[in-house]
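Pulled from TrEMBL, these are the features on record:
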type	residues	note
SIGNAL	1-29	signal peptide
TRANSMEM	244-266	transmembrane segment
TRANSMEM	310-337	transmembrane segment
TRANSMEM	343-364	transmembrane segment
TRANSMEM	376-398	transmembrane segment
TRANSMEM	410-437	transmembrane segment
TRANSMEM	469-490	transmembrane segment
TRANSMEM	502-528	transmembrane segment
TRANSMEM	535-558	transmembrane segment
TRANSMEM	578-604	transmembrane segment
Amino acid sequence: MLGNVSAGRQKMVCLNWVLFLLVLPSSWAVSYKHGDNVTLYVNKVGPYHNPQETYHYYTLPVCRPDEVHHKSLSLGEVLDGDRMAQSLYHIGFRENVEKKTLCQLTLSEKQVDQLREAIEELYYFEFVVDEIPIWGFVGYMEESGFLPHSHKVGLWTHLDFNIEYNGDSVIFANVSVKDVKPMPLEEGGGLVAGGVGVGGAVGGGITITHTYSVHWFESPLPYARRGERLRDHSFFPKTLEIHWLSIINSLVLVVLLLGFVIIILMRVLKNDFARYNVEEEGRCDDPDQGDNGWKIIHTDVFRFPPYKSLLCAVLGVGAQFLTLATAIIVMALLGMFNVHRHGAINSAAIVLYALTSCVSGYVSCGFYTQIHGERWVWNIILTSSLFSAPLFLTWSVVNSVHWWSGSTQALPASTVLLLLGAWILVGFPLTVIGGIVGKNRAGSFQAPCRTRNIARQIPTQPWYKHATVHMAIGGFLPFSAISVELYYIFATVWGREHYTLYGILLCVFAILLSVGACISVALTYFLLSGEDYRWWWRSVLSAGSTGLFIFVYSVFYYRNRSSMSGLVQSAEFFGYSLLTALVFSLMLGTVSFWASLTFIRYIYRSLKMD
């Protein structure tokens, strides 16, 4: 017994260490002495309006060392498209530098065209100093007038680095070209005034001298709060403003909606119970004689649905994502993710997805056994592949597009093998273990009514009780509850900002689940009132259709709220938007089903029947 307890404690310690390592920064806080080298890493470049189309900085004809040394990155950083490498910039802690030469390059005409094309596409670069990202534009472009039309393209050949420090720590850093003149990249660009960049035609190419300056400034901000300084800096468009009024407005509307649904249902059910129980007491003949509404189908309402294995797989994977989403939000509220912990949330999501696979297996196979499913092995396989198969297919297409374009978003082979190993060695075995435990611990279905062998004929239903109408209503109302917050989530996921309003996100998540559950209960009652007992799949699809509205919104966001374009960005956006819609459908479908099942058990248990 003592050995089992000790082994259990060891497993918990190991799990805590795994989660702890996931949310650590890429490196510990570094202390510097005066003159110590502060390493500047070059990372990536890409179009300003396409966040997921990124390339390594050294793919451009820029100053680079003879041998490129890459920084060791975490899994989350690799998934974010980071490819950090050491640069030629030499920065000494608290040592100011004025116009120091970085290198001199002689570029061919092809390389000049490459730079010109990058500048015309508004390429920005990202450097990293002590885990602080530094952004700036590769060059300068100006277009003015229609007749005559002028088109000027210039390259920034000098960068001013402004670094803030407090004691022996780096607090913030940025780059400026405020007092710098760009070097023109027209044919035979010539000399640039001020001597910042020197250019000359060399066989159709150009010779460029890159320089830089470093200025240090003392900051009163302590190291523990340096994330606030980064959040206040805005190289990219700021979209995540405080939106309490919109959230409060949504919250009030949702509370009114839920109150309305609950009050109406309670009054209607009270009348139904009074009428049905009175009829039951005065009846001595055919038990179905004179019945109407949802009572008449009490012998069919718990008739098990078709495609039982698929239904249980949906419920299992939905329960897994509910657990995963709740864990991520709680970890974020505990401060485990901040602006300096690059990719920590990606790493946590991947590991938690693998660890919560036992939840999907347990829920799916347990309920499958309760509704008399016999092919439990096939059920476990279907559960494990219900989301992982679409994910792998989508990733294969998106990653192939990134690989073809040379983007840093294309995962290296080592990362692919690591993720595949995590699923094969952790995710799938935990699904099997959870399924076996769920199968062995599954009890009876606990239906308050007996089911007849012969199914009752379902009367013709009016148009407003059809599945399509229920899906439209059941999907639109939960979507409307999160539509305000959805914009900020999209701006974070498909932008470059860090989401920090996790308290609001938790409230919105709770509102979403509550609305989905209440709408499902209301639609299920209307369905049963029409003597239609096919509620099993209908309850899943009613609130689960919210995913369709989210995907439609993603198309609207892409066309009207963003400036994204191109094959690389489009493949990434629409591929993962489809997966996001699938995740929401699974989560809300699961909540919707369990709410309907709980409601149906309650109302039929409250009837007086033999």
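Glycine is no exception: its Cβ is also placed from the backbone N, Cα and C atoms.
Beyond the transmembrane segment (410-437), the same-chain residues lying 6 or more positions past its ends with a Cβ under 8 Å from any Cβ of the stretch are 75, 78-79, 350-351, 353-355, 357-365, 376, 379-380, 383-384, 388, 399, 402-403.
Contact between the transmembrane segment (469-490) and the transmembrane segment (343-364) is absent: fewer than three CB pairs lie under 8 Å, with pairs separated by 6 or more positions in sequence. Distant neighbours of the transmembrane segment (578-604): 269, 272-273, 294, 298, 301-302, 314-315, 317-319, 321-322, 325, 386-387, 390-391, 394, 446-449, 474, 478, 512-513, 516-521, 524-525, 528, 535-536, 539-548, 550-551, 554; these residues of the same chain sit at least 6 beyond its ends, with a Cβ under 8 Å from one of its Cβ atoms. Residues 243-244, 247, 250-251, 254, 257-258, 261-262, 264-265, 268-269, 293-294, 297, 301, 322, 325-326, 329, 332-333, 465, 470, 473-474, 477-478, 481-482, 485, 489, 534-535, 538-539, 542-543, 546, 587-588, 591-593, 595-596, 599-600 of the same chain lie 6+ residues outside the transmembrane segment (502-528) yet bring a C-beta within less than 8 angstroms of a C-beta in it.
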